[in-house]
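Feature annotations, reproduced from TrEMBL:
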type	residues	note
TRANSMEM	6-27	transmembrane segment
TRANSMEM	48-65	transmembrane segment
TRANSMEM	71-101	transmembrane segment
TRANSMEM	108-128	transmembrane segment
TRANSMEM	148-168	transmembrane segment
TRANSMEM	175-196	transmembrane segment
TRANSMEM	216-233	transmembrane segment
TRANSMEM	240-264	transmembrane segment
TRANSMEM	276-296	transmembrane segment
Amino acid sequence: MGFSQDNLKGFVLALSSSAFIGASFIIKKKGLRRAAAASGVRAGVGGFSYLLEPLWWLGMITMIVGEVANFVAYAFAPAVLVTPLGALSIIVSAVLAHFILNEKLHQLGILGCVMCIAGSIVIVIHAPQESPITSVQEIWSMATQPAFLLYVGSVIVLVFIMIFHFAPQCGHSNVLVFTGICSFMGSLSVMSVKAVGTALKLTFEGNNQLLYPETWFFVFIVATCVITQMNYLNKALDTFNTAVVSPIYYVMFTSLTILASVIMFKDWDGQNVGSIISEICGFIVVLSGTIVLHTTREFERSSSFRGSYASLSPTLSARLCNGNGEFMKHEENLLPDEAVFFQRQEMH
């Protein structure tokens with residue numbers, strides 16, 4: 001199946017989004033370091049001097065541009081294509097960190113980058129084409145079809161069970177609880193983001209969709225889902241190691257988003273079995289590369305952190321590296337922007 005013009009636009013926007021967002025965290029990290037050097041107080045221990053640092057604001061602007069590009073990408077291309085490409089932002093960040101921040105990218109990390117790129121190429125080649133959408137009411141009819149309503153109902157029930165039953169009992173001991181809530185809500189937010197993006201696209205083309213209440217309902221769903229996601233993702237990052245949370249969240253969120261898109265927009269209708277299998281294989285390769293790359297970077301940071309504290313007493317060193325991720329959480333407090341890097345996956 002040929003690569004349509006809309007898919008090409010969505011692909012370029014998703015690629016640009018990953019580049020901007022990956023670069024933004026390097027710029028923000030440089031700004032954080034510069035602000036900490038000037039004030040003597042790091043952001044992780046309560047300092048806010050970075051708010052006066054132009055370089056940090058440049059990073060914020062770069063990130064916003066990336067998020068806008070990602071938002072618009074969903075208006076042109078299916079989630080099956082756009083969502084997995086979010087992993088490329090990790091590659092951009094890792095490569096730039098290697099050259100700019102002197103955070104060495106070793107052989108296993110390079111392997112992870114190659115896997116992400118190879119998997120993304122396979123997904124792009126076999127990405128499905130969407131049927132043209134002429135109004136937000138058409139998307140509403142897709143959202144209210146029995147199959148998708150069953151999915152939405154299942155998600156709502158599971159999220160309520162996890163929030164009110166499992167979260168109080170085992171939310172702080174089982175990483176799947178908080179990340180599960182984020183992932184399920186994330187799949188609904190992406191479907192609504194696509195609806196809002198398509199409505200705005202049609203509006204700018206002269207077909208005003210802001211007059212329809214369905215558009216504003218999708219906006220409400222986006223706001224509700226994103227707020228819920230951010231709340232529980234912050235809880236997950238505060239409770240567990242980023243090295244544990246980020247790969248699990250990315251795998252669950254991306255898988256559920258693709259499932260929701262296949263049900264709602266029928267992305268795989270009209271595709272042959274070979275193309276579908278190729279997309280799934282490419283997706284698995286991207287997931288594996290993401291896990292390999294992220295795990296490698298966490299290992300390198302942890303090794304560097306331990307080395308810098310080698311002169312401390314054995315008791316203190318053991319206390320820093322003991323318990324349920326206390327060592328890694330301490331490091332995250334030193335560099336908070338690195339944890340925020342993985343929160344942005346909910347927009348993908």
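Numbers run from 1 along the shown chain.
Heads up, the Cβ atoms here are built off N, Cα and C, so glycines get one too.
Curation does not apply to TrEMBL; its annotations are automatic.
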Request  = For the transmembrane segment (48-65) and the transmembrane segment (71-101), check the count of CB pairs under 8 Å (sequence separation 6 or more) and say whether it reaches 3 or more.
outcome  = no
Ask   = Taking contact to mean three or more C-beta pairs under 8 angstroms, with sequence separation of 6 or more, is the transmembrane segment (71-101) in contact with the transmembrane segment (240-264)?
value = yes
Key: Contact ranking winner - 108-128, 148-168, 240-264 against the transmembrane segment (175-196), Cβ under 8 Å   = 240-264
Key: Tertiary contacts of the transmembrane segment (108-128), as residues 6+ beyond its ends and Cβ separation under 8 Å   = 1, 3, 7, 11, 77-78, 80-81, 84-85, 87-88, 90-91, 94-95, 267-268, 270-271, 275-276, 278-279, 281-294, 296-297, 300
Task = Go through the chain and flag residues at least 6 beyond the ends of the transmembrane segment (6-27) whose CB is under 8 A from any CB in it; none is fine as an answer.
result = 55-56, 58-60, 62-63, 65-67, 69-70, 72-78, 81-82, 85-93, 96-97, 100-101, 124, 127, 129-130, 337-338, 340-341, 344
